[in-house]
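According to Swiss-Prot, the protein has these features:
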type	residues	note
TRANSMEM	10-30	transmembrane segment
TRANSMEM	50-70	transmembrane segment
TRANSMEM	87-107	transmembrane segment
TRANSMEM	111-131	transmembrane segment
TRANSMEM	141-161	transmembrane segment
TRANSMEM	181-203	transmembrane segment
TRANSMEM	211-231	transmembrane segment
TRANSMEM	240-260	transmembrane segment
TRANSMEM	340-360	transmembrane segment
TRANSMEM	381-401	transmembrane segment
TRANSMEM	423-443	transmembrane segment
TRANSMEM	458-478	transmembrane segment
Amino acid sequence: MLRMFNTSLVASKLMWVIFTGMLAPTLYMVHCNSTLLLEWNLFSISSTPMMMTIILDPLGLMFSCTVVMISANILKFSTIYMKEDKFINRFTVLVLLFVLSMNMLIFFPHLIILLLGWDGLGIVSFILVIYYQNPKSLAAGMITALTNRIGDVMLLLAIAWTLNQGHWNILHMWAVDENMYQALVIIIAAMTKSAQMPFSSWLPAAMAAPTPVSALVHSSTLVTAGVFLLIRFYNFLSSVWWFTTFLLFVAVSTTLMAGLSASSECDMKKIIALSTLSQLGMMMAAMGLGMAHMAFFHMVTHAMFKALLFVCAGSFIHSHMHSQDLRWMGNLTKQMPTTTSCLIMANLALCGFPFMSGFYSKDMIVEASLYYPHNSLMINLILFAVGLTAFYSTRFTMCVVLSPNNCGPYMHLEESNSLTSPMLLLASMSVISGSALTWILPLKQEMMMIPLDQKLKTLMLVTLGALMSWFFLTTTNMTKTCLYIRHPIINYFSCTMWFLVPLSSQFMMKLPMYVSHNYLKLTDQSWLELLGGQGINNVSSKASNIYLASLKSTPMNYLMMSSMLLLVATLVAI
């Protein structure tokens, strides 16, 4: 019988076997640039065929390989991180269900079957967010579930409206004006799943889940499901005249908000979550600029270094008694050299440093935005968000590497093989995946001829953001000023994600709670008590006391009673 902490190891080996079996067909399909479509006609309802459709195309196979490979590394990482957990078997099964739901979303282009994978992601994510069963996890799970249910309802509406076309196959959608509302609900569904504004507040809250789950969610499964859905529907959605403008505005707003919020956050996992939100906005912006293939390219490369970031953060958290506060970290280069090196590589890839994986995808998106004619305000905001990414990534790295060590003297900092081997594999992919994908992916990107100053603008902004972060950290107290903005209003505005956290959760319940509290004080605990139980008790007590006082056998009482009876008899006789 397997020991409990080996369950994740067995699942990790299973994922590696599946990845090895999928690798050769994926490379063949990508090389041939061909698609295999399998259809089974199950039955018909009012001349509408119910068909089970499976699509094996280069995009789906490549992304599925990415999901399986990252899952294998994260399950290997879980063997140490979740070693002391009593329910490791349940955790492993939930992670495998998560991977299964994502693959259903990838390979089934039928809207009804796709809904199974879509709902599966939402249900399993809710169970994993509340995994630790404390008040914080339960509150985070509630806002995660409710926000994702909005997307589920939108997808159900899309299924109902697609019935007008006589099928539910997303590969053959009719681009007509009457389908504008259908396009709108699909976009809203993708926005809720990928946490675009104004549905962004659930993403940092979902950090209440275990760190391996966060690594899987933010790299290649839950939050990328909305982006992948838009990529599947892109040919249909691009026919709607307002699609690109609306999506670009939402994406740029989300990227800017996430960058500003990450610059003032001190929770390690929330910083990485907000960086995920920023990169999701970059993918959406790429589709808003008309480059769905570049959005997919960035989604794959981002999955590699974001999984690496979470695994490195999980290693730090595991070594610091599960503390996520950056103020505990510092001077970890000598104690944890492999983890620190991998963290630096992941942050360089996130910033878009030359020849890292993020450089080939993110830099190309920014260059394309400068090359093609678009709204200059949106382009400048994208460039500003690129600088913010370098700012908070450098701040994160310096707080871990250069700040003084504030952890307890009895902390046991270790780097076991189960922690370092997934890091090294993901670190190698964070370096080579960008250049490798440019060789094998059919990106269909034309040669962009832009001036040298425009070409270097991204690199200059990355350098400027890193230098500004270094300047602020070295000229002030690193353990304090690097973690928050001193002005309280700006700090609250930034940490609450432009007030999205109170508006999306507390706003809807604050007024009912206030009214119900006043109702409780004014009715249940006031008038109803005075006129109800307490009032009846007081009246009955007084009447009882009067009656009991009249029954006391004293001569004066007898004299008074005799006088009263004599008076009554006299009155009656008269």
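The backbone N, Cα and C atoms fix where each Cβ goes, and this holds for glycine too.
The list of residues near the transmembrane segment (141-161) in space but at least 6 beyond its ends in sequence, with Cβ under 8 angstroms from a Cβ of it, reads 111-112, 114-115, 118-119, 122, 125-126, 129-130, 168, 179, 181-182, 185-186, 188-193, 199, 201-202, 205-206, 208, 226, 504-505. Under the criterion of 3 or more C-beta pairs below 8 Å, with sequence separation of 6 or more, the transmembrane segment (458-478) and the transmembrane segment (340-360) qualify as touching. Of the candidate ranges 10-30, 50-70, 340-360, 50-70 has the most C-beta pairs within less than 8 angstroms of the transmembrane segment (111-131). For the transmembrane segment (87-107), the neighbouring stretch richest in Cβ pairs under 8 Å, chosen from 50-70, 181-203, 340-360, 381-401, 423-443, is 50-70. Remote same-chain residues near the transmembrane segment (381-401) are listed as 252, 255-256, 259-260, 262-263, 265, 268, 271, 274-275, 278, 281-282, 285, 316, 326, 329-333, 340, 343-344, 347, 350-352, 362, 366, 369, 457-458, 461-466, 468-470, 472-473, 478, 482-483 (criterion: CB distance under 8 Å, separation of at least six residues from the stretch ends). Contact between the transmembrane segment (340-360) and the transmembrane segment (423-443) holds: at least three of their C-beta pairs are under 8 Å, each pair 6 or more apart in sequence. Listed as Cβ neighbours of the transmembrane segment (10-30) (distance under 8 Å, sequence separation of 6 or more from its ends, same chain) are residues 2, 36, 56-58, 61-62, 64-65, 68-69, 71-73, 75-76, 79, 92, 95-96, 99, 440-442.
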